[in-house]
Amino acid sequence: MAQSFNQTEINWNKLDKTKFYVVGAGLFTGITVALYPVSVVKTRLQVGTRDAVEKSAFSIARGLLRTDGVPGLYKGFGTVITGAIPARIIFLSALETTKAATFRVLEPFRLSETTNAALANGFAGMTSSLFAQSVFVPIDVVSQKLMVQGYSGHAQYSGGLDVARKILKSDGIRGFYRGFGLSVVTYSPSSAVWWASYGSSQRIIWRFLGHGIEYDKGTPSLQKILLVQASGGIIAGATSSCITTPLDTIKTRLQVMSYEKKSTVKQVVKDLINEDGWKGFYRGFGPRFFSISAWGTSMILTYEYLKRLCTIEE
């Protein structure tokens, strides 16, 4: 890796892992609190039927505030935050170890720095997502049912445990993994695209700013590092949301369907086309675009800050 890039990136073996996990749990919980309402609005947009009264993000948010107040924007939050901590530990551990291993594997091929970064980050993002889905999917199934309860004909629940009991009674353990295959197909490519775009766009931006292999202006300032990382997060979020929103819409509708109404991916696709045409696959695109871009930028800045904070002093 070029010297200039080493000065802006911190490898996994340089981190205090205990501090990284403990401090990281607090920081990422804070980001989740800030951005969670966008997920609730996005989910409701995706599952609404043709007859739904609220058809825009603003009308859904207004409706939730009018009927439930601010807590309405946090439906299912307790369930999400309970599962998010172990899921993120799995994700970040797999991400960093896989990325480091992939960089080593790619060394003999003498690829460009940008290509190396795209391949290593993309493969690490895909692999870590595959591992994390074992925790994320059950949390998704329960939390999304809470997010849409009472909306567009969906059932009401007394809480996450009530949802879990009804899923177990109706479908057994496999009910918690409804849409698992589609989640893997959605989130693994999404994660691969996000991390590949982030890794490669950073290199391109650094080269544009004169911090490349052939000409190096020295160690960049912290402000410049943060700006480049934030820009990379925005580019990655925009790329990922454009490519994967249709799959996310199908997955969400499949997961929140009532226990009695068994359906297939094919039927969900037909319903979407009948209701809205092909644009139906991009239901909730605005909130999802904002959510992925805002979450990605916030996450990556927090993540890189966390790595600097937990670096082992030599």
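Including glycine, each Cβ sits where the backbone N, Cα and C put it.
On a predicted model such as this, the values are computed, not experimentally measured, just so you know.
Marked as repeat 'Solcar' by TrEMBL: 17-101 (among others).
The transmembrane segment annotation in TrEMBL covers 20-41. Distant neighbours of the transmembrane segment (20-41): 57, 60-61, 64, 72-77, 80-81, 84-85, 88-89, 92, 147, 284, 287, 290-291, 294-295, 298-299, 302-303, 305-307, 309-310; these residues of the same chain sit at least 6 beyond its ends, with a Cβ under 8 Å from one of its Cβ atoms.
Per TrEMBL, the feature repeat 'Solcar' maps to 116-204 (among others).
Mean model confidence for the repeat 'Solcar' (224-309) is a pLDDT of 85. Positions annotated as repeat 'Solcar' by TrEMBL: 224-309 (among others).
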Of the residues in the repeat 'Solcar' (17-101), how many are helix, strand and coil by DSSP? 73 helix, 0 strand, 12 coil
